[in-house]
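Asker: Encoded as structure tokens, here's the structure I'll be asking about.
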Amino acid sequence: IWTGCALQCFDLPVPSLAFLQGFDPPHQSDTRTVYIANRFPQHGHYIPQRFADNRIISSKYTIWNFVPKNLFEQFRRIANFYFLIIFLVQLMIDTPTSPVTSGLPLFFVITVTAIKQGYEDWLRHKADNEVNGAPVFVVRSGSLVQTRSKNIRVGDIVRVAKDETFPADLVLLSSDRAEGTCHITTASLDGETNLKTHYAVPETAVCQSVSRLEALQAVVECQQPEADLYRFVGRITVTQQGEEIVRPLGPENLLLRGARLKNTKEIFGVAVYTGMESKMALNYKCKSQKRSAVEKSMNTFLIIYLGILLFEAILSTILKYAWQAEQKWDEPFYNQKTEQEKNSSKILKFISDFLAFLVLYNFIIPISLYVTVEMQKFLGSFFIGWDLDLYHEETDQKAQVNTSDLNEELGQVEYVFTDKTGTLTENEMQFRECSINGIKYQEINGKLVPEGMTEDSPDGSVSHVVTAHASTHMGKESLFLKAVSLCHTVQISYDQTDGFGDMPFSHANGFSPQMEYYASSPDEKALVEATKRMGVTFMGNNGETMDIKTFGKSEKYKLLHVLEFDANRRRMSVILQTPSGETVLFTKGAESAILPYAKSGEIDKTRLHVDEFALKGLRTLVVAWRRFSVDEYREVDRRLHEARTALQQREERLAEVFSFIERDLELLGATGVEDKLQEKVQETIEALRLAGIKVWVLTGDKHETAVSVSLSCGHFHRTMNILELVQQKSDNECAEQLRRLARRIKEDHVIQHGLVVDGASLSLALREHEKLFMEVCKNCSAVLCCRMAPLQKAKVVRLLKTSLEKPITLAIGDGANDVSMIQEAHVGIGIMGKEGRQAVRNSDYAIARFKFLSKLLLVHGHFYYIRIATLVQYFFYKNVCFITPQFLYQFFCLFSQQTLYDSVYLTLYNICFTSLPILVYSLFEQLVHPHVLQSKPALYRDISKNSMLSFKTFLYWTLLGFCHAFVFFFGSYILMGEDTSLMGNGQMFGNWTFGTLVFTVMVITVTLKLALETHFWTWINHFVTWGSIAFYFVFSLFYGGIIWPFLHTQDMYFVFVQLLSSGSAWFAIIIIVIGCLFPDVIKKVFYRHLQPTNTQKSQLVEAHRGISCVDSLCCVSEGSSGCARLGRLVERVMGRCDPVRGARSWSNSDPYFSNDRSILTLSPMEVSHC
């Protein structure tokens, strides 16, 4: 009957395998044939199928492909590829500068990046080797052999012991139980911590020893691997005494890799899917290189600068030939052409000149930008690990950074996709309240106390209430507790024994420390544990009887039938024979599934209590019972037997019988269970919402459970209009429902909406109606997706990622079922929870608790983004300042490709003279104090959508660079005039002196420009800012003041000393620097007061609360009496200088900042205002 029925479900005759058609696996055949213990047929020409080995690979590189693959990825960066071309050009033709000037920085960038990415991948290899090298036992040659996990082959019989994880996808052959069942948890796969029962077919269940398994002759035929965790179709053919017995196989026979064996001593299973073909691995996405929005902006800006460079080089080449059209400039008397030059090709000469100009101006593309960005990301990522606010003391876990490439992306998040179980919740259910016969009770110290009474009240304890009735008849309270402790499918595990037949009932009152409950629903476990604390202890179920102890007295109930829970009925029941011989039905379920069928009991009061529990965010269940007469039970038993053995329409017939049985109920009461949320989840979700971030919850859990948690954690509000797209059966039905929802949203546009979608409906919506589904989702404040398979989670993330607005997404989860989602999102965060380390291992960042997400985004994300955005803009600015005078100089040297600066200055400008101030700025800058950023999440909106790297801001910095470059060059030129004598001895400036004057003004100006941009001054900022200027002067004096024997030419000898000996040169430096920066200061002052941003307003509020700096010009330390000189000048103009408020430093007693002791608050100086 079983075989015929199961195969009839596929509408097929038993021998046929055609039901396996219709899949699209990556194999030639639609099915795979697995010979158990690899006992292949001896006759005929059998060719074994090739299957994947059992290795798991999450790394990106191997030792062989690391160099080519890494180089390919790095040269995808425009700057790297460009500098490679420039380097090759310098090697091939005669250029004004040495190949070392571009080759050395390029080599440094490539090497540093390769080492960093290689180290990160080595960590992934290390984690893979741990998994692949785990010891396992397999049956080979009649004995149990220990081997490594990676050596398991398809067809091997594997032994797995209690609490071990399954090393491959196994079909269960037998367990230590006679009936061949075992219990597993799939927490790391689908997030569900409840216990699931799996079965072996009867023919293999008897093979409980290695010798019997060795003698087993069986073949498994099943579908090729697919990612769906809940689908498995196959059959097993067992040969016994020459007769072939065929049994169907389904998901209940398959043990998935990553799941854990519970409550069972050991099992034997045959491997059918191994390694990267296991369902867990198929739900992993390929580890791809994630690139941040800032990096993409950098590439766009580099293309623009490349255009500027090409324009300058082409213009210079054309003007050179236009100038040389005159004979006197083409071949002056002092520079006669050689015969070879006269006869050379004009086209080749033009190309050669163009390339020479390209090399001369190539420093406008800042390759050192990439080095600085890499260093900033690498060093900056340590702050996350060092932040004590992200440290979880109970578990001794600090935040972890697995990749530092995405730090700034934390400041750009628009959508957060979060798992539920273990991410928002603690994975712990707690019994809180109940309603019995219309009276509300609370649990206090293991006793049920009626509401309004204390534990010490004379009639407050349940023992008094219950025992008062127990001597005469079953009181309602006692009956309620018995119903709760009997109406479930909970299993018990004892450390000493692993079966249920010989459980140690001798343990006093069942309070053995070795006893542990396992349940198919976490609610059931919490309720059974609660009744145990109150004196009614469930002692076990051996399949025929259920044993409980009521206040020390043992009672045996005969288990007649279990009416299993299903999503349509939303209730489950048990039919029992009491010790007195009476037949009763106990049922529990959602109030909507029980109350309409109740005919007696305190129905109205209970309904009121259930609503009160739900408002508190508790998960509610209603409990009822019914007595059967002998005739009634006989009818019930007959109907159940007929429905359960029906070959056709079994589900419909069972539903009909269940409805017949579960009616005329007497209501006993209701329970309220709290799914314990993690600390501060509600506050975190609210902060994210205020920051303009939409939160989606994606969970594998049941609809009711997910909605309940969403309400209790504040993801859904009680005032929100909850829309549902669930249990859709067809495309048309789904489309119609989506249109209805879209209409409702338009009609109720004032109300906030929340959307609930289940996995099946989502598949239909994404297949044909993606656009309509996205429109509905975007108009909802919160979205909840339940019953989601891991790959569906990734599909939802990809759907949002690739939508028109291309928002930045973040995914956060704690289980292996979240890995695909974590890898798909722009930023993936793993929670160090109770479900293994897969999520943490595959994430970009890992934190111990969900509540840390708010500081990670609102503070660290904010800081990283403003730092790197300023770093990128400043780099382009200082390189425009650097190379534009070189371009202008060509108009004064007949476009002869003469360089304005010495080659040593060309090389060291970006490496030494201007690199450290911006690096330190990009590590320590804080526009607003961390506390303010956390208390005002709306400030996060100021930096959203890459606002600080918009084209407008980029244009401002570029034009500023050009303006400053013109002032440097023409300021120096005008000062010199035609015949101005600037030296003390009457000598005039020469070419190198003029270039050095421009270079000196430039180094000072770009360094002070960054000082103007700095809001948060530390001693390190002061040291590198003033130290860089001092280093330039000291270096130039040494470089030009000594004849260095290893230098081939020394054009700069004594040039700098002479320059500094001129008072006019000093005057020029001061005038030009002030001329460049003064308009900047005026602009900042006026904009700050006329059009302040939200961030600047927060700085003002902060200043009024006692933290003051005058826009980085007058930051002062404790005890200082006033503002710095330039700062005082600005303050006098604005009339705002207040020396009394000027001094400020942190102290341990400071009430405003005492809660933030992170490494980020290094200085006694804070954000400023003018």
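The first residue you see is number 1, and the count goes up from there.
Using the three backbone atoms N, Cα and C, a Cβ is placed for every residue, glycine included.
Annotations in TrEMBL come from automatic prediction, not curation.
Pasting the relevant annotations from TrEMBL:
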- D419: active site, 4-aspartylphosphate intermediate (ACT_SITE)
- D419, T421, D814, D818: Mg(2+) binding site (BINDING)
- D419, K420, T421, E524, F565, K588, R619, T699, G700, D701, R787, K793, N817, D818: ATP binding site (BINDING)
- 48-102: domain 'P-type ATPase N-terminal' (DOMAIN)
- 136-197: domain 'P-type ATPase A' (DOMAIN)
- 840-1093: domain 'P-type ATPase C-terminal' (DOMAIN)
- 300-323: transmembrane segment (TRANSMEM)
- 354-373: transmembrane segment (TRANSMEM)
- 856-877: transmembrane segment (TRANSMEM)
- 954-976: transmembrane segment (TRANSMEM)
- 988-1011: transmembrane segment (TRANSMEM)
- 1023-1047: transmembrane segment (TRANSMEM)
- 1053-1078: transmembrane segment (TRANSMEM)
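Quick one: where do these features end up spatially?
Answerer: Mean pLDDT across the domain 'P-type ATPase N-terminal' (48-102) comes to 82 in this model.
Beyond the transmembrane segment (856-877), the same-chain residues lying 6 or more positions past its ends with a Cβ under 8 Å from any Cβ of the stretch are 294, 297-298, 301, 305, 366, 368-369, 372-373, 376-377, 380, 383-384, 387, 390, 399, 407-413, 687-688, 691, 693, 810, 829, 845, 847, 918, 921-923, 925-928, 930, 933-934, 937, 939-940, 943, 948-949, 953-954, 957-958, 960-961, 1006, 1009-1010, 1013, 1160.
Same-chain neighbours of the transmembrane segment (954-976): 301, 304, 873-874, 876-885, 888-889, 982, 988-989, 994, 997-998, 1001-1002, 1005-1006, 1009, 1064, 1068, 1071-1072, 1075-1076, 1080, counting only residues six or more beyond its ends whose CB sits under 8 Å from a CB of the stretch.
Through the fold, the transmembrane segment (988-1011) approaches residues 874, 877-878, 881-882, 885, 889, 898-902, 905, 909, 913-914, 917-918, 921, 964-965, 968-969, 971-973, 976, 979-982, 1025, 1028-1029, 1032, 1036, 1051-1052, 1055-1056, 1058-1059, 1065, 1068-1069, 1072-1073, 1076-1077, 1080, 1112 of its own chain, all at least 6 residues removed from its boundaries and within a Cβ separation under 8 Å.
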Asker: May I ask for the distance between T421 (Mg(2+) binding site) and G700 (ATP binding site), taken between their Cα atoms and rounded to an integer number of Å?
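Answerer: Their Cα atoms are separated by 9 Å.
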Asker: Which whole-number value in Å describes the distance between the Cα atoms of F565 (ATP binding site) and D814 (Mg(2+) binding site)?
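Answerer: About 28 Å separate the Cα atoms of these two residues.
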Asker: Same chain only, please: residues at least 6 beyond the ends of the transmembrane segment (300-323) with a C-beta under 8 Å from a C-beta of the stretch. Say none if there are none.
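Answerer: Distal contacts: 78-79, 82, 329, 350, 353-354, 357-358, 361-362, 364-365, 872, 876, 887, 890-891, 894-896, 954.
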Asker: In terms of Cα spacing, which of the recorded positions D419, R619, G700, R787 are within 10 angstroms of D814 (Mg(2+) binding site)?
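Answerer: Correct set: D419.
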Asker: Nearest to D419 (active site, 4-aspartylphosphate intermediate) by Cα distance: which of the binding-site residues R619, R787, D818 is it?
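Answerer: Sorting the binding-site residues by distance from D419 (active site, 4-aspartylphosphate intermediate), the top entry is D818.
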Asker: Rounded to a whole angstrom, what is the C-alpha distance between R619 (ATP binding site) and D818 (Mg(2+) binding site)?
Answerer: 25
